[in-house]
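Trainee: I'd like to ask you about the structure that follows.
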């Protein structure tokens, strides 16, 4: 069975990421972000959201593991900050419902949602520049980089919360990630 | 989603195995989580379980009577009338966490006494999966997790619904035939009406919140909200029968949600909002105005404190 580790960055919705994956029938565990990288045994990682870049534990080291990585909210910002992208304060906080425009309908993670999707978000910071090798795959009126992908290295991120009940077609994003991991 | 029948069988067997021939207590809050945990434990060990319900004076209208009725099949049920002790312990406290703390402390004092007189070696709790994660996240302190075990030296703690989500607990409640009231009852916070009044929880404000919550629950029923309630949020000027009043401001909230983690403010019809406004200001002399909260979660939380 496909095994996915949800890395807990102290986000409120971490347990909903576990729940969505559990309901999709994969083997899933919530893993403390202080776990040594060598102890992580999974076919894919979800980096959860969280309140603070200072509490991301060993997340930077997990990016060197040879498995697909999917960052949610702060998890995506970790990808940008640790690779050579840039994260900063947004002009307009993204809270509750946001209409997101999908820019790449071929993207393995979110392409199936094209042309647009209604999501639920909760963030003040955002990705200002995507890292080398990444493409911006979604955008909205309140946040320029709503999603980014590097399919060659299997590194993906979304700024919104696909795990919450109010996001439309959030489960589909996790299904797509499971396909990538298999 | 939880597979209900095997879940109940396994949970009952697990409780039997853990508690053996010993005695246990559980605190009933009136909510679905502790009700389900109690019903499962009662199936497992019968009257060796003592369910304790503490009336804090901060409960919803009619709640105590409902508990008495729903759990009347348990001969060991104990109802503690502690209304005055709780309201006295809240005097002068304005900070939300301070209020939660005072209620938690008083609750432990009341419960400890019952646990000792029942000679309980085990504590059964209705902790659900998100409680375990949220109390780490520091958004708000839950008084049903922690606190109690330090005060009373139990042999063990049994948490039969620890891996379930709220909606899953409800499906189990339906199977256990706990009655529509418990199954479909809206979520209600552990500290009760104390956190539906901003600032000090005085008897007057708590009474307004109780009556207003009752009106909101009745009037929104047809719109099937996940949660609907009223909170006393401040004071403002009004005019009633040519007299100026400086009365309470009541904020009405009605939201749609699956699990309480995110919520959408409900688009209630104007007539419904007007009926709510008219009943709350009409039935309570000391309410000057009623407002409707249109904020989703995030950025707001569902409750006010």
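Residue 1 is the first one shown; counting continues down the chain.
For all residues, glycine too, the Cβ spot is worked out from N, Cα and C.
According to TrEMBL:
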- A:73: active site, nucleophile (ACT_SITE)
- A:161: active site (ACT_SITE)
- A:163: active site (ACT_SITE)
- A:6-178: domain 'Glutamine amidotransferase' (DOMAIN)
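Mind running through what each feature is packed against?
Mentor: Classification of residue A:73 (active site, nucleophile) by DSSP places it in coil, neither helical nor stranded. Residue A:73 (active site, nucleophile) has a Cβ environment of 27 other Cβ atoms inside 10 Å.
In the three-state DSSP scheme, residue A:161 (active site) falls into the coil class. Other C-beta atoms found within 10 angstroms of the C-beta of residue A:161 (active site) number 27, with every protein chain shown included.
Sequence-distant contacts of residue A:163 (active site), defined by Cβ-Cβ distance under 8 angstroms and a gap of at least six in the same chain, are A:13, A:16, A:17, A:19, A:20, A:72, A:170, A:174.
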Trainee: In whole Å, note down how far the CA of residue A:73 (active site, nucleophile) lies from the CA of residue A:161 (active site).
Mentor: 7
